[in-house]
Amino acid sequence: MAQHVKKPEWLKIRLGGNEKFTETKSIVEGHCLHTICTSGKCPNMGECWSRGTATFMIGGDICTRACRFCNTLTGRPKPLNEAEPTHVALSIKLMGLNHAVVTSVDRDDLPDYGAAHWVKTIQEIRRINSGVTLEVLIPDFKGRMDLVDMIIEASPDVISHNLETVRRLTPSVRSVATYDTSLAVLRHIAQSGKMPAKTGMMLGLGETEEEILELMDDALAAGVSVITIGQYLQPSRKNLPVVEYITPEQFEHLRLVGIEKGFRTIESAPLVRSSYHAERHL
């Protein structure tokens, strides 16, 4: 049985509750939308929703994969909601966002793994929200670069795809996805030259600093210019336990190392998540 590791003081989370938080919650629920904020039990939901920002999750709320770090429901998804792209775009307008972030569940049940739905969502956001910048956090599309090209051609401002963890731990942490497939997706995005390629990773799953630095080097070699590094927090008892809580000082050390290695932007702190302060990553 895994030993329980006590959560340290620096991981105390600010709860939401101001007027903007309530307004954001109302808009999301009123359009029957899903957010990774709620499905992933994100520790920054209170802060972000209180600032009027949210990360929209398209493709429904049931994922075809079962990554052991993730709290999103797993199973057989419902058919795509054809109105979802418009609802997301309208919610962005109602929130008055200048920058929006969209992610999705994996839809391995669909012939195109949800790529066309992604494109429609990006197009609707552009149509309804002139001037809004957009980051998309995409799945690996099982390494189908023709599908990745569909996302690139839709012209979001940033395309993100998370490596999530170091090479050694990938088979036990992620489902279906492989480290090399994710690197290939990131390389393909970067080689397009049309937008920044961004990735993210979690710490506290048993990785070593040497392995973290290897991931940084691999990401840089693939052309990644933006990276986020945060503490893994076990969202439920069915998920992987936390092996170690990394100190804020260790995160700052990694941030400085990442800058020295050549990342244009690096966010590294215990509560950093892939879309946290995403407007800074353009």
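Including glycine, each Cβ sits where the backbone N, Cα and C put it.
Taken from Swiss-Prot, the feature [4Fe-4S] cluster 1 binding site covers Cys37, Cys42, Cys48, Ser275, and the record attributes it to sequence analysis. Residues annotated as domain 'Radical SAM core' in Swiss-Prot, with sequence analysis given as evidence: 49-264. The annotation [4Fe-4S] cluster 2 binding site is assigned in Swiss-Prot to Cys63, Cys67, Cys70 on the grounds of sequence analysis.
The average per-residue pLDDT of the prediction over the domain 'Radical SAM core' (49-264) is 94, rounded to a whole number. Around Cys70 ([4Fe-4S] cluster 2 binding site), a 10 Å sphere centred on its CB holds 24 further CB atoms from the protein chains shown. Counting every protein chain shown, the Cβ of Ser275 ([4Fe-4S] cluster 1 binding site) has 28 other Cβ atoms within 10 Å. A distance of 19 Å separates the Cα atom of Cys67 ([4Fe-4S] cluster 2 binding site) from that of Ser275 ([4Fe-4S] cluster 1 binding site).
Figure note: comparing Cβ neighbours within 10 Å for the binding-site residues Cys63, Cys67, the maximum is reached by Cys63. In the three-state DSSP classification, Cys63 ([4Fe-4S] cluster 2 binding site) falls within a strand. Same-chain residues with CB within 8 A of the center of the Cys63, Cys67, Cys70 CB atoms, the [4Fe-4S] cluster 2 site residues themselves not counted, are Arg65, Ala66, Phe69, Asn71, Thr72, Thr74, Val105, Asp106, Ser175. Cys70 ([4Fe-4S] cluster 2 binding site) carries neither a helix nor a strand DSSP state and counts as coil. The separation of Cys70 ([4Fe-4S] cluster 2 binding site) from Ser275 ([4Fe-4S] cluster 1 binding site), Cα to Cα, is 15 Å.
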